[in-house]
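Here is the structure we will look at.
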Amino acid sequence: YYAAESHTNEVYVEEAPPEPALDYRRVPQWCATLNIHRGEATCYSPRGGSYRSSLGTRCELSCTRGYRLVGPSTVQCLPSRRWSGMAYCRQIRCHVLPAVLRGSYVCSAGVQMDSRCDYTCLPGYQLEGDRSRVCMEDGRWSGSEPICVADLEPPKIRCPDSRERIAEPGKLTATVYWDPPRVKDSADGIIKRVMLRGPEPGSEFPEGEHVIRYTAHDQAYNRASCKFTVRVQVRRCPVLKPPQNGYLSCTSDGNNYGATCEYLCEGGYEHQGTSLRVCQSTQQWTGSQPLCAPACGLDLRHVTTIELVGQPPREVGRIREHQLSLGIIEELRQFLHLTRSHFNAVLLDKAGTDRERYISPVSPDELFVFIDTYLLSEQEAARREQSGDPCE
């Protein structure tokens, strides 16, 4: 081995230049045919392009990439049947890179031209200087020698953007997803662990604002944190008021998007209008406010009267004020076990239960005394005593 000129640090293996191969089979042939290993000879002859070795032929010599020409770049075929000079191609090599304290490097092709050497540091250290060096055409390495120093810089972490979601219909929560944070260590690119403080992606979040925090640790135990917020909004409609003499029965939270409210009337009152209303995404209720109108007479007590009298074919019957056919009368007698031996009046409560029977005609006052004494519930009786009879 020997070092090249003082302007380069290129190292070579001493090798003798190859002897030119002589080929006298071509006519006219004056000088030996030029064959350059790892190179090329481009020749111009006075006699034309087909004559590469005739007297006066001039050849330009070049090498393939990764090799350097040693000797003249141009030669000419002389009358002495020799070329005016000789050259050969020598591989370009850089010197072996020195070891790196607390680090190492890996090269793609050793010390040959275009070989790339990538540097890395031990855990807990970061590289200062060039991360890669390339063996160049002049036999030198690009850049400068890096060093490995203690890693004191925290990793870089970036959380996803904050987000806002609308609660799902009929629910007070929303399912929220997000991508994991982007984390990079400035030293060796290795992150030891990333910790999440808060619910996992895909969790259900209740109404309100929630803070999600991530913390990343590198191999030198430096850490960095980031955070973002998840805000869940519950769309709500105006709070409904129960109708006078009635009340509401609502699902979910009562006035959130998707909630359903049913209007119900107290005993003695009948429902008029929309019975169900739904809170829409526009934060408006479907339908309109219904009313609870008073039910007077027997309707107030939710009592039905059945009256049957006579013998076929002169038998008559009615339910309240509605006249009954003979077929219906017969079915009612069988169902309620009523004989034709005398007048029959039957009281059915709101559940359809047979509560009282009369075998002779009875006045309305007698009916209402019985109903108010025995059929009204304690709550209905108390409300009636407090607010009075709306039908009077």
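The backbone N, Cα and C atoms fix where each Cβ goes, and this holds for glycine too.
Within 10 Å of the C-beta of Cys148 (disulfide bond) we count 22 further C-beta atoms, all protein chains included. Here TrEMBL flags Cys121-Cys148 (among others) as disulfide bond.
Mapped onto three states, the DSSP output places Cys292 (disulfide bond) in strand. The 10 Å shell around the Cβ of Cys292 (disulfide bond) contains 21 further Cβ atoms across the protein chains shown. Positions annotated as disulfide bond by TrEMBL: Cys265-Cys292 (among others).
Residues annotated as domain 'Sushi' in TrEMBL: 41-91 (among others). Here the domain 'Sushi' (41-91) is broken down by DSSP into helix, strand and coil counts: 0 helix, 23 strand, 28 coil.
The domain 'Sushi' annotation in TrEMBL covers 92-150 (among others).
Over the domain 'HYR' (150-234), the average per-residue pLDDT in this prediction is 89. Annotation source TrEMBL lists domain 'HYR' at 150-234.
The domain 'Sushi' annotation in TrEMBL covers 235-294 (among others).
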For the C-alpha pair, I'd like the distance in angstrom between Cys121 (disulfide bond) and Cys265 (disulfide bond), rounded off.
80
Give the residue counts of the domain 'HYR' (150-234) per reduced DSSP state, in the order helix, strand, coil.
0 helix, 48 strand, 37 coil
